[in-house]
Amino acid sequence: MPSHSNENLSMVYFQDFVLEGFGGGLETQALLFTLFLALYMVTLLGNILMIIIITLDARLHSPMYFFLKNLSFVDLCYSSVIAPNALANFFSSSKVITFAGCATQFFFISLLATTECFFLGVMAYDRFMAICSPLRYPSTMCQSACTRLVLGAYCGGCFNSVVQTSFTFHLPFCSSNRINHFFCDVPPLLQIACGNTAINELLLFGICGLIIVGVMFVILISYGYITVTILRMRSGTGRHKIFSTCGSHMTVVTLFFGTAFVMYAQPGAIESMEQGKVVSVFYTLVIPMLNPLIYSLRNKDVKEAVQRLGQKHMAI
């Protein structure tokens, strides 16, 4: 650990961090390891299957499923950035992560979480165009437009990640190197910083709050118009199909933004780390696991695609 002296003030800057994770004895650690492993394996299986099904079934080659495939890819990467390291640390005596490793993990977590947020807004806009402007939908949501929307979501996620990572890891970490969490996240890192974190907290609440509110505004406006359009429909079959697809999306939106608001968009988030760990498990492992289940169980097209692939496999 190198030391730095400045005007009679001696501070020690740490090159490594320790991820404290969850407390408890060996039995508790074993139970948590089993839980994390089960959640991660189901997440991998569900999202990989969703990507394969959408890729192989030509009937799912539409903008909605193009965005859903990208959402599954983001969920897959998001869990993989966190879960393997957390699993290794359950039975590790040191639980050490290097400064560079922590910064890298932090960067990708921020990138993928923000990108997923934008994807949910894009998917709401896609449903709005498909239901409220069906005649303009093929030209508006063409392949090039969908590609630009996906790239825009990744660029927005990258911008937020660069800002959050650069400001967070320019702070001096000299009071402690023990992170009270199971991965590198903003609130626990700000707790152990020995410099002024006011700007970082302002950025955290400001940028994340702006993103959450902005995307939620797009979603609410889109579903407001969708609701009006549904109420004007005379066909019960049409209403049911729209409710099945939109209901799945709204369930995912509620889960994602509810946990994101609890963790990042309210001033008390930084102070409640123990509660934050439980919430973090939910949005880093449980939600990525639930997303493919929600979209497959409540979506007739996906269920039919699974049956067709199963029948082809049996025939082969």
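Even glycines carry a Cβ here, placed using N, Cα and C.
Where the annotation comes from TrEMBL, it is an automatic prediction and has not been curated.
Features of the protein shown, as given by TrEMBL:
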- 30-54: transmembrane segment (TRANSMEM)
- 66-86: transmembrane segment (TRANSMEM)
- 106-125: transmembrane segment (TRANSMEM)
- 145-163: transmembrane segment (TRANSMEM)
- 202-226: transmembrane segment (TRANSMEM)
- 247-266: transmembrane segment (TRANSMEM)
- 278-297: transmembrane segment (TRANSMEM)
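With a cut-off of 8 Å on Cβ pairs spaced 6 or more residues apart, the transmembrane segment (30-54) and the transmembrane segment (247-266) reach fewer than 3 such pairs and are scored as not touching. The highest tally of CB pairs under 8 A with the transmembrane segment (278-297), across 106-125, 202-226, 247-266, is held by 247-266.
If one looks beyond the transmembrane segment (202-226) by at least 6 residues along the same chain, the residues whose Cβ comes under 8 Å of a Cβ in the stretch are 114, 117-118, 120-121, 124-125, 127-128, 131-132, 156, 160, 163-164, 167, 186-187, 190, 242, 246, 250, 253, 257, 260-261, 264-267.
When Cβ-Cβ distances below 8 Å are used as the criterion, the transmembrane segment (106-125) is approached by residues 64, 67-68, 70-71, 74-75, 77-78, 81-82, 149-150, 152-154, 156-158, 160-162, 164-165, 168-169, 183-186, 189, 211-212, 214-215, 218-219, 222-223, 249, 252-253, 256-257, 260, 283-284 of the same chain, each at least six residues removed from its ends.
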